[in-house]
């Protein structure tokens, strides 16, 4: 390691641009983090010319100049956000893209400001209002809302006393048929009709809201006015409020139609509760800007594709929309226990989908607590709850399999573990490389930090110098011939390789292919029996090896933490500094306080346990009746669905040219699978005996080893492009095809 020099004080206008070596080093160290949405900057102080090695420029253009590896400075908005950014680069900590604090309004882009603005701003001429999104509104909501207003208007005219409301509904019928380019205003009326009480602003609906609500029609109003208001509240308003509520919920769930949801919400909460003489509906002209009266509604576009960025109290809109699914799943799953309303496959699908938003809430809570706490608390929270999503499902599946005496659940858990490992090693980084490579021609990442995870993965998975046959999938040697297997077991697959060397091969059915007693035999449903002689081999040799490995792997994980976070933390070269720019506020306004995040974390974990219990309860019919291999179900659905929030985070980092964090997301999950989750499951069997043994099928062993070796080869040079990502993704799909056509595990 070369000494790191800071930037000269006189060079405040930017990085030096002098020699070819400086420009080459600048290109190598040009790593952009997840700061596009932060309004902050990332820079690397350059080494002064006196410290630059003369031999640096003489090296090959693709090699990394050691003198250029200097500290990366990330500028954050406040101390809490700085801690979150720093935790993203720490080994073993959850990588989180979303903000844990509220961003200053002035630092946001105009696109984001429009998402959170109220629909009461009158703009200049912005072109035609006839767009595809507005036509979609007309087809989905506009025509029947307008028809409903016409029917309510006719009903109000029939009552006679509600005639003013009938005229209002008639005007609103034309408005909601095509509300774009029109405005609803509140005009001045005599004092006797005004709402009593001073107003205060509302962030949800906008505009003044009375502090003490009193119906206007009871304040100095005549008999006919009160009678008309009663008729309106009893006959007209409920139907319209229900219709607008339906439109609001539907548009909100569609996300891109959230402006329509805001339009309906404000109409039901404000417009329909105003006196009819105070509501004025008019069309805006190109050169006209109404100056008199308060603007309540003014909408130009029904669709905004950027609403996928919308957040409610720091929670992404998709996670908010999926939260009711969790409640529906729990109610349907436990109330309809006899499957009278829905079938088991439907309940299994609902339970599996409910895991996605719960994973998001758990990740947000962990990131919030870690960012607001010291290093020790953050490390404990990440180590305790970092793998809680997967462990909850695995443990409930093993308990159910043990109660029913069904080995299929243990095999499904092994398939899910292998699927998570292979998916996070191949699919997650490969997909991030492909998507990031579309925007950036070549992406670079910190090969030294990625090398730590790769080394731990190689240690936990192990290598195999020589391979035996695959009896579960085909041929075996002639009768009496020794098993040709020489290997160097390491990590979680050490008991598997050990059992292949010393276990007894037992096959369900064998056929003599050559009709010769000494010829070749074709056998099916073969496995290595470890229970020969009352289980002497298993209990005396394999089981102690399993427990030893389960203790050594977490110890290696702790050594990796100590190495990356304490003794060799400089390999990440991350320094966080505060912003000193106009408009930046150093006082952090957190979305979730520590206690709130802790409560959400515990509740999400509890709901996760319930959903995992429902998923394992209703997976049995799928395993029994499905024509798809149980291997495929485990390595795809059960393995990757809980990791979808992490995949989304990795894609967002890759799009912002921060591939280091995208790779670390997959590597950290894979390392936790091998070094934490599997040992925890093994140690769990000590307290609650299950059918889970650390002996995997040949397919799992070969797929995992090949994936880790390929990952180490791709990550060797510290740079990548979309082609290398495509290779990883294609290899992953090839392995999925192998699992799809593979026969189901023995005993299932």
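Every residue, even glycine, has its Cβ placed from backbone N, Cα and C.
From a predicted model like this one, the values you see are computed outputs, not experimental measurements.
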TrEMBL annotation (transmembrane segment) - matching range among 201-229, 230-258, 259-287, 462-490: 230-258
Cβ-based contact of the transmembrane segment (545-565) with the transmembrane segment (669-688), 3 or more pairs under 8 Å: yes
Contact call for the transmembrane segment (722-742) and the transmembrane segment (416-438): at least 3 Cβ pairs under 8 Å, seq gap 6+: yes
Other parts of the chain folded back onto the transmembrane segment (669-688), taken as Cβ under 8 Å at six or more residues beyond its ends: 383, 386-387, 390-391, 394-395, 398-399, 402, 413, 417, 420-421, 424-425, 428, 453, 456-457, 460-461, 491-492, 546-547, 549-551, 553-554, 556-557, 560, 643, 646, 694
Intrachain neighbours beyond the transmembrane segment (628-648), with Cβ under 8 angstroms and 6 or more residues off its ends: 95, 97, 352-353, 355-356, 359-360, 363, 389-390, 393, 408, 411-420, 422-424, 427-428, 431, 622, 665-666, 669, 699, 735-736, 739-745, 748
Stretch of maximal Cβ-Cβ contact with the transmembrane segment (315-336) [cut-off: under 8 Å; candidates 135-158, 230-258, 597-616, 694-715]: 597-616
Stretch in 135-158, 597-616, 694-715 most in contact with the transmembrane segment (230-258), if contact is a CB pair under 8 A: 135-158
Three-state composition of the domain 'Sodium/calcium exchanger membrane region' (597-739), taking helix and strand from DSSP: 117 helix, 2 strand, 24 coil
Residues in the domain 'Inner membrane component' (132-182) grouped by DSSP into helix, strand and remaining coil: 42 helix, 2 strand, 7 coil
